[in-house]
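Chemist: Input: one structure, supplied below.
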Amino acid sequence: MGQGKSQFTEEELQDYEDLTYFTKKEVLFAHQKFKALAPEKVGHNKNAKLPMAKILQYPELRVNPFRDRICKVFSSSNDGDCTFEDFLDMMSVFSEMAPKAVKAEHAFRIFDFDGDDMIGVSDLREVIERLCGPDLKLSDSEIQQLVQNVLEEADLDDDGALSFAEFEHIIDKSSDFCNSFRIRL
Amino acid sequence: MSGGNSKGKARSKRHEGWEEAGGEFYQELYPGAEQDLFEHLQRADAAKLATLLPSKQARNTTTVKRARSQNDRRQSTYARTTQSRDIHLSMMPDLSENLSNEERTWEEIMLIKAMPVPMNQKRELKEKLQNATKLRLQGLEHIHWQQRKVWHRFRIRFGEILGKLEMWQSPLREIEGTFGTGVVSFFLFLRWLLFLNLVISLFVIIFLILPKTVLVETSYDCEDYESNSTVCCSYSYLSRNLTESNLALDVIQGTGWMERTILFYGVYSDQIYTYFIKSFWETQFYYNMPLAYILVPITWALLSLIAIVKAAAKGFKEKLVESEGQFYLYCNLVFGGWDFCIQNEKSAKIKHRALFNEIKGCLEEERFKEEKQLRTRESQILLHMRRLLINSIVFIILVASGVMIYISYNYSLVRLSAQTGVDNADPGDLNKGYVNRTSERLAFSHFKMHRNTQGLGSRDSSFFEQLENTLLEFLPYICIVMLNLIVPEVFNYLIGFENYAPARVIIVTLLRTVLLRLSSLAVLLSQIYVFIASNKRTCSWGDEEANGIECWETYLGQQLYKLILTDFALQFVITFVINLPRAFVARHSSSRCLKIIGEQDFYLPKHVLDIIYIQTIIWMGSFFCPFLPIIGTLYYFLIFYIKKFTCLINCTPSPVVYKASKSKSLFMSVLLLGFVVSIAPVAYSVAELLPSIKCGPFRGYSTVWNYVIETFDRFPYILRESVFLLGTSVFAVPAFAVLLLFLYYYWAVAAANRHMVAVLKNQLVLEGHDKQFLLNRLSAFIRQHQKRCERRNRASFADDDSSIRQSSR
């Protein structure tokens, strides 16, 4: 952690501590992890912008079916490239301390592939396909059935898509979500 | 629609007015979105219009507001519906609301972290908040705020320290990375049990073991008392000279010198330690050992019960909230399906497959349900017959294993006594046989000691004999443990024929296995009980061989001690001697047959049962062997590493999805069952059985509980009366009535709420339909309006043309 300390001033650390769900030590630890993705680049500039491909080398992200969405949601330039601060934001949301509402907010954006602020049928299909992975394919009718079931359960106002309020409602009732939507630093 | 059209035509004038007013209204409301709005209005597309609704428009920005009032959900929904005029204000701190004071600013800074905006924006916000003019707090408020700040900082630091102290963080992370949250919840459960045992151990150490070792008993001389008094009896038990026997065997059996250590019930004193310490204000100090000995078990039993109920209640609450009859099954599957913590490529692949299977399974289950309704009568009867058959087979297996334990227990007793060479057991009379056997056994032990002292010449043969004896001693436990190992596999195989739904399979297997384990324990206990009960516990000075087990509580403690050791040994052997080579074979051979033998997946229910079983034994034995919780703590500590080894090295991730929340409440329910089953015999022995005369804190009393009652009788009158009052009907009936009333009240409230929820849900659907309808109407209307405008334009063009023509004329 000695090298990490030299890269941040006390004020910056205080800022990070106030603005994320991490303590100062955890921020430094996160920076170490970030640095490990591209040692030279980050060594020069602690807040270097790493391309999405580099960020995706983070172990948990590498195998995550929603990896590109996660990067895009947290990227401040919206193209998937992340600076350290974006990375810190990401980890903060995924940390254990982050409340359900914050997680739900970001999960909604991750699952909203087309960005229309609704999780529609096409988004749900995409989510399901990604969940099953590249090798396994559900038949079209099965996906159809599943989407139908999900909408039946959650689409309260019957408009064929999940709005954020509806999504939050599901998340509120799902005790598993908080457990699974988490990446330990 | 057509009616609307005609009306629209009829009142076109007014509509036009509305349209304009509406435009202004929109303009006023959505200063940023007006461009968009009119673009969409021009195109008049209902779907596009929907995206312009305030609830959608304001989402991104209202979350900022929402974050501020995170604690208050009602407020948050309010924020969501407020019109977007607030948007631009809400992006900034609420400067309009007078000047905020320092405390509020600080609170708001603390809430920035919940906002879904990039870091630089957050930082800007923080700066703005900090630089904004704010009222200084003074006096009490200032102190209050400072206190809050310090408390907050302290909590962060404390959390950090606690996080460091948290046991097994990195192994848990590793397991989580490969196996997902369901399996980790098992390990968390293990850790929870470890801490529970640690707390119980602390109690036992402080209140029983320390006083026993530190305080000095007054010794009475037997000569002054009658020969069958407790003093003489215990003297005869405790002072019998021990001859040396094999140390290692004694340690694992808890016999010999071990029997008279603080490990077991027998040595605890029945005295009230009295100390007269001069330097301490010349007061007398008491330590009532028997009272402590009964209060400590009561304390830990209550403590365990509270801990379990608390954990289980949390699980049940979650389950209740979640359920509404499996309401969000599919949503959970889709949105909560992926464990974001998985970091290993292979596990990710398995997770994909597991999810795929789960989805398929769920869909199939639905079809299965439909099929069930369609099932013909014959096939239904056939299925029921099959289930009945298999259930009876399971029952037979359970009974058979009970019988097997019974036989092995008796066999070991008989063989142990037969070895003495003195065979005077009367086969006709069972009860008498027991007495004789035990006496033989005791005689044998003396014989053994005798042999041992005979000299080195006979040492070798005596060693083998001892080994054989040890094996025989352990025979019932080895039998139990083996049954626990083999029978579940048979159950697993049998359940395949029963055609249960996948979720049901786990529960049914679990239930059967629990039954097996607990019933085998019950058989063992009842055997021991019969054995104990058939021994007359008379005591007379001098004739040691004549009476049966001298201290049955210690004997029971020894049995459970042996059981737990056997269990541990087996866990160890299975993991390292059997499963490790299997895993090795599976990994390094390409032959399919070997792979099938070698590959193991981490079948969660089995491992859960393993550790719950241990806990059951600990609860059962802690009264008789106060050291058991300490052994248990150690056991759990070691078993964590054994299970981790099993999990990470021997096993591949299971193709079944284990949900963390579901499994947790399941663990707790099973643990509660184990608790009841294990506490019941202990409670029975405390309340009903005659304690040994020769040993333990309760020698001379008719039951242990009798002692408690006698102590209670010495309490002050008022206290006694008030406690008695609690037991009378004067108190109980009104209390019961009040409880019932409360129950009814809450039930009524719950029912009303449920009704309300249903009504609101309906209303929500209706609102949704209304919204759709209005949007369609609006778009149709706009289209119409546009057409009319065009027509009017055309008409005015025509007018213009004609006027031009006229003027040109």
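Backbone N, Cα and C define each Cβ position, glycine as well.
According to TrEMBL, the protein has these features:
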DOMAIN    B:551-661  domain 'TMC'
REGION    B:52-83  region 'Disordered'
TRANSMEM  B:189-210  transmembrane segment
TRANSMEM  B:291-309  transmembrane segment
TRANSMEM  B:388-409  transmembrane segment
TRANSMEM  B:474-494  transmembrane segment
TRANSMEM  B:514-532  transmembrane segment
TRANSMEM  B:612-638  transmembrane segment
TRANSMEM  B:666-684  transmembrane segment
TRANSMEM  B:723-747  transmembrane segment
Chemist: Under 8 Å for C-beta pairs, could you tell me which stretch among B:388-409, B:514-532, B:666-684 has the largest tally with the transmembrane segment (B:474-494)?
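Modeler: It is B:388-409 that shares the most Cβ pairs under 8 Å with the transmembrane segment (B:474-494).
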Chemist: Between the transmembrane segment (B:514-532) and the transmembrane segment (B:723-747), are there at least three Cβ pairs closer than 8 Å, leaving out pairs fewer than 6 positions apart?
Modeler: no
Chemist: Who are the long-range neighbours of the transmembrane segment (B:666-684) in its own chain, taking Cβ under 8 Å and residues 6 or more past its ends?
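Modeler: Distant contacts of the transmembrane segment (B:666-684): 185-186, 189, 297, 301, 304-305, 308-309, 311-312, 315, 507, 510, 514, 518, 521-522, 525, 529, 608-609, 612-613, 615-617, 619-620, 623.
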Chemist: Run through the domain 'TMC' (B:551-661) and tell me, per DSSP, how many residues are helix, strand and coil.
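Modeler: Computed counts for the domain 'TMC' (B:551-661) are 87 helix, 2 strand, 22 coil.
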